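According to TrEMBL, the protein has these features:
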MOD_RES   LYS38  N6-(pyridoxal phosphate)lysine
ACT_SITE  LYS38  active site, proton acceptor
BINDING   ARG136, MET313  substrate binding site
DOMAIN    243-367  domain 'Alanine racemase C-terminal'
ACT_SITE  TYR264  active site, proton acceptor
Amino acid sequence: MPKAQETVLEIDLKSLEHNYQYLRSKVEPTVKMMAVVKAFAYGSDSVTIAAKLEKAGIDHFAVAYTKEGETLRAGGIEKPVLVLHPQPHNLTLLIDNCLTPSLYSKHILTEFIKTAEALKLKEYPVHININTGLNRLGFGLEEIDQVITLFKNTLAVRLVGIYSHLAASEDLAEKEFTQGQIETFKKASGKILKAFDHKIMRHLCNTSGILNYPEATFDMVRTGIGLYGYGNSAQEDKKLKPVGTLKTIISQIHNIKAEESVGYNRAFIAKRDTTTATLPIGHADGISRIYGKQKTAVLINDKEAPIIGNVCMDMIMVDVTGIECKEGDQVIIFGKERSAEKLANNAGTISYELITSISQRVKRLIID
Ligand SMILES: *Cc1c(COP(=O)(O)O)cnc(C)c1O
């Protein structure tokens with residue numbers, strides 16, 4: 001690994017390939033895999049990640065918003081891209097980029113049909129989202145007959161996928177609830193399948209769904225966090241490899257006396273003579289204020305250096321008392337040597353939030 005000279009997010013494509021093959025091995029060979037590359041591929045780089053996965057044989061992609069799909073197409077990605085959460089105002093952009101909409105309400109479904117008919121499209125492929133208990137997006141079970149009728153009454157669109165999303169697939173204490181979601185999905189999707197003659201794909205599982213409910217993989221699975229190296233359990237984390245490593249360096253070292261303060265609002269008061277290091281990374285880079293005030297630490301020469309005081313916009317200060325280090329030395333925030341999950345948990349959040357927060361100001365360095 002190269003030595004960082006500034007704050008950098010290293011993206012290791014070998015680890016991505018490893019995670020993809022591991023998750024692939026968890027489902028039957030006939031089950032298709034959809035890589036979720038929303039939010040810059042969970043804070044990394046969506047086109048780079050998608051291109052690598054396309055080469056490795058992924059079947060499908062998913063993004064949250066239409067613009068994210070447009071970025072993939074501009075980057076040369078050719079496999080189908082499902083837009084999980086489109087809005088009525090950019091349906092033409094979605095169609096122009098050959099993206100597949102997930103239609104989740106009567107409003108967006110009728111708007112999409114109207115747009116497709118106006119453009120004289122024939123059998124444009126779409127998926128629908130069924131709400132089985134997450135109560136976020138999706139058709140209610142009582143709407144299914146109407147949905148079937150809307151599809152039967154148009155030639156412009158063709159229903160090619162039905163899916164739902166699990167609310168607590170990582171939480172085995174919620175097994176009964178999840179099994180209820182699986183049953184509801186089977187029933188609702190079964191009814192729709194019966195109403196049409198053509199092949200319609202079903203998909204339900206996210207990463208933890210794949211790992212905890214292998215009986216519910218249906219025709220395709222959607223995996224996000226697992227591809228990036230986190231499995232929502234200590235056991236799975238051991239099998240996966242973090243793709244992103246966030247590194248920075250020491251800009252300056254200070255020796256301060258007991259009773260002196262560090263940073264804004266004097267949020268750290270030294271109890272003893274203290275050595276501090278200032279690092280060029282702050283909340284504008286994605287390390288939010290929740291990581292400050294000694295709630296978490298960074299790694300310097302294999303030692304934990306607690307983040308002291310308030311996180312600034314462009315800097316953090318860490319306590320390096322007793323740690324052998326100098327200006328210019330390497331600092332690891334998270335990555336292979338140091339789990340983003342643990343760092344996030346110490347601050348009261350989860351790996352998903354930490355890794356997707358790394359802002360576009362941080363340089364991405366691709367390692368293949
Ligand atoms: C984000 C998302 C996923 C990916 O979930 P992971 O837990 O990261 O695997 C799958 N499906 C939907 C609908 C999502 O919004």
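Just so it is clear, glycine is given a Cβ too, placed from its N, Cα and C backbone atoms.
A TrEMBL annotation is a machine prediction, not a hand-curated record.
Note that the structure is a prediction, hence the values are computed from the model and not measured.
Where TrEMBL records a feature, it is marked here on the structure.
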residue: LYS38; record: N6-(pyridoxal phosphate)lysine; DSSP class: helix
residue: ARG136; record: substrate binding site; DSSP class: coil
residue: TYR264; record: active site, proton acceptor; DSSP class: helix
residue: MET313; record: substrate binding site; DSSP class: coil
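Within 10 Å of the C-beta atom of TYR264 (active site, proton acceptor) sit 14 other C-beta atoms, taking all shown protein chains into account. Rounded to a whole value, the Cα-Cα separation of TYR264 (active site, proton acceptor) and MET313 (substrate binding site) is 11 Å. It is LYS38 that, of the recorded positions LYS38, ARG136, has its Cβ surrounded by the most other Cβ atoms within 10 Å. MET313 (substrate binding site) has a Cβ environment of 9 other Cβ atoms inside 10 Å. For the domain 'Alanine racemase C-terminal' (243-367), the mean pLDDT of the prediction comes to 98.
Secondary structure counts, DSSP: the domain 'Alanine racemase C-terminal' (243-367) has 23 helix, 47 strand, 55 coil.
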